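Structure record follows, encoded as structure tokens.
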Amino acid sequence: MDHLSVPINDISSSDVTPERNSKHDPEEIISKTDIKENHGYKYKVYAFVIIALLQIFVNYDNGAVPVMLIWIQEPYNFSSTELGVMGSVVYFAFVSMSPIMPYMFLKFSTQIVITLALIGNILSLVIYGLAINKSMFFVSKFCIGASQALFTTYYPIWVDTFAPKYHRNVWMSILQGGIIIGMTFGYIITTVYSFLGDKGWRYSALTQIIFGSVLTILFYFIPKEFVNFDPSRDEHLDFDLCTCEKSNLNTTEMDSTNKSVCLSSTCDDLSQSNDSVLKRYRSVDFISKVSSLGISNHISKTYSSFDSSTNKPEYSKCSKCFINNVKLYQETMIVKKLSVWSKFKLLIKQHVYILTCIAMSSISFSSTGLLFWMTKICEDYIGINKRGFYFIFTVQVSAGIILGIACGSYLIDQIIYHYPEHPLLVDIVLIIYSVISCLFDVVVVTIQIQIVYGSCIFIIAFYSGSIVPTLTLQSVAYLPHRLKPAGASFFICQYHIFGFALGSIIPGLAIDIFKNYTAALCVIYLPGFIALSSFIFIMYIKFYRIKTAKISGRIIYIKGVVVM
């Protein structure tokens, strides 16, 4: 990919006419570029709003089902275990979709795939709203889960691809907040429909169907360049791109055998000088030894975009960087050829990635148990007034999680922006959040009175919500572009199984086996200690890697993101 450039001195002044010069006036070019970027940003915001509303739609039934349990259990003879299984069927359906989702994102138009999935979700809701026996409930819930899987996998990838730098955690937090808002709307609206009699839950399903139909149409008409996932982005490499010290970019070399390495996922705008030839530069996202897969080098990702007209001779054809770029391209092509299962095996070997998965599963388990079972526990065991608890619980959980997601992600973004040279600060903050949450978990289990549930659940929801956006974003931020669908699919798949599915089933089993609700409370709240242990191990691994790199004389460049 050679870039032809002609030195300015070789062009005589007589060859440049006023008309031609005006066409290439720098101010005019900059103005057009700014207009184009502003236009693109508006469409990104529009797409973001639609995706956020879709997030509310997709998660509406998760909040509605706990209220529906009261109407469904007796007429259709569900046991507590069967209710838990019905709630978890959605998440097992996600597992069945996991092997094919990466292939679908890589081979087909993202917009078409997501639109068809949303249509399938609406049809599944129709079956659920018309259900008259157990079989229809189970089948419809399975179809709902399978159709939601593609969108649930897609939105973290969209944020990683399209969100503004230094605001990715905030955008992710808003989408994560959409989950809670959707569940809250489902909970509140279904509660309101309870005044209409035994068929109120069916009207709630109809409300979700209408809302989803409108949003699906709006999503389909978003310009595709602001929606579609480009799997070939890693393949756009300039082999003459020089990133060594002589270019004065203060960046790092990509060869893992050399003495420097960048651990950032979005090293954007590295050069601050007027001589910069780079408009945008993204360095290593993911570093992994994969000798078992036949890859001898490290897998890494470089993405660059720049004007060939500014590609000056002194920055081109650096032999060392040329060799590194060739290696990057070869490794990118190897990743491209990996099968789905080979990609999963590659992901499983990443210690920080797996610990992130474990932490997310623990938080999801506790959150699902809290949302799915606390209404029934507080009504049957604690003796709280039904209507009063609906209101208090809704305010507690929704306000706690939404405020936690917003405040926690904003703090993380500020730490990343102001202290990029201290990446472990982010891990310290996550550990502090987790410690506070665990302390109040113990209080809820040991002191079972109304005033405790009135305050502690809010605090637990706040600090748990503060952790989620960073974990979700980290799950894809460090992966090569072609591994992002597989990484997001695996990440979400595992916490759907070990978090959402088991969080719905195991508390119900505990109630049926031990014949008391204290066992269910222990099952719901104590897994927070697993998340805390994961954060401590993640911090230790990062600290060890940074320390080892410094001892070996390697330079670690960090800017704008959490270090892996």
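Cβ from N, Cα, C; glycine included.
Going by TrEMBL, these are the annotated features:
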| type | residues | note |
| --- | --- | --- |
| REGION | 1-27 | region 'Disordered' |
| COMPBIAS | 17-27 | compositional bias 'Basic and acidic residues' |
| TRANSMEM | 45-72 | transmembrane segment |
| DOMAIN | 47-546 | domain 'Major facilitator superfamily (MFS) profile' |
| TRANSMEM | 84-105 | transmembrane segment |
| TRANSMEM | 112-132 | transmembrane segment |
| TRANSMEM | 138-158 | transmembrane segment |
| TRANSMEM | 170-189 | transmembrane segment |
| TRANSMEM | 201-222 | transmembrane segment |
| TRANSMEM | 352-374 | transmembrane segment |
| TRANSMEM | 389-412 | transmembrane segment |
| TRANSMEM | 424-445 | transmembrane segment |
| TRANSMEM | 451-479 | transmembrane segment |
| TRANSMEM | 491-511 | transmembrane segment |
| TRANSMEM | 517-541 | transmembrane segment |
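Per-stretch counts of Cβ pairs under 8 Å to the transmembrane segment (84-105) identify 491-511 as the leading one among 201-222, 389-412, 451-479, 491-511. Three or more CB pairs closer than 8 A are found between the transmembrane segment (170-189) and the transmembrane segment (389-412), so contact between the two stretches is assigned (pairs 6 or more residues apart). Distant neighbours of the transmembrane segment (491-511): 80-81, 83-85, 87-88, 90-92, 94-95, 98, 149, 152-153, 156, 353, 356-357, 360-369, 372-373, 472, 475-476, 517, 519-520, 522-524; these residues of the same chain sit at least 6 beyond its ends, with a Cβ under 8 Å from one of its Cβ atoms. With respect to Cβ pairs under 8 Å, the transmembrane segment (201-222) is most closely packed against 45-72, considering the stretches 45-72, 112-132, 389-412, 451-479, 517-541. Beyond the ends of the transmembrane segment (352-374), by six or more residues, the same chain brings 62-63, 65-66, 84, 87, 183, 393, 397, 401, 441, 457, 460-461, 464, 467-468, 471-472, 474-475, 478, 487, 490-491, 494-500, 502-504, 506-508, 520, 523-525, 527-528, 530-531, 534-535, 537-538, 541-542, 564 to within a C-beta distance below 8 angstroms of the stretch. With a threshold of 8 Å between CB atoms, the same-chain residues lying at least 6 positions outside the transmembrane segment (45-72) that come near it are 78, 83, 87, 118, 121, 125, 128, 137, 144, 148, 151-152, 155, 158, 162-163, 171, 174-175, 178-191, 194, 198, 200-201, 204-205, 207-208, 211-212, 215-216, 218-219, 222, 226-227, 371-373, 375-376, 390.
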